[in-house]
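Here is what Swiss-Prot records for this protein:
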type	residues	note
BINDING	His77, His88, His90, Cys96	Ni(2+) binding site
Amino acid sequence: MTVVSVSMPESLLDRLDEFAEEHGYTGRSEVVREASRNLLGEFEDKKLEGRELMGVVTVVFDHETSSAEERMMQIRHDHEHTVVSNVHNHVGDHYCMELFILEGELDEISTFVGKVRATSDILSVDYSVVPLDDFEADLAH
């Protein structure tokens, strides 16, 4: 197996070590491998390809030390055909939370999430997607 080096804040490394211990992992490498597989597989679900999806993306960043807010606005404008709605909230003393409601196909949503994740100074990105046609069967009854 190839050995790699990864840079991360000490606080994140501490959390990673605690997580590994609490959940019975043999070490941080096992946690990072599993997380990497999960991240890479997120948008590779063949059941979602070619289907119209709705998605929610939640982004958290420190508004005092980053230009992330400006970048979020730029990404939103670049994907205005996919972004149905966007809410910006102040959370705590230093943080902003952006909530994006998306509608589109898998490749459009994954491109949007990828650009958000690639933005420097982002503290957290979370999302979920649901196929719109999942509700058609419920409405037919």
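Cβ from N, Cα, C; glycine included.
His77 (Ni(2+) binding site): 9 other CB atoms within 10 A of its CB, across all protein chains.
With every protein chain in view, the residue among the binding-site residues His88, His90 whose Cβ has the most Cβ partners within 10 Å turns out to be His88. Sequence-distant contacts (6 or more apart, same chain, Cβ under 8 Å) of Cys96 (Ni(2+) binding site) comprise Val60, Phe61, Asp62, His63, Ala68, Glu69, His88, Asn89, His90.
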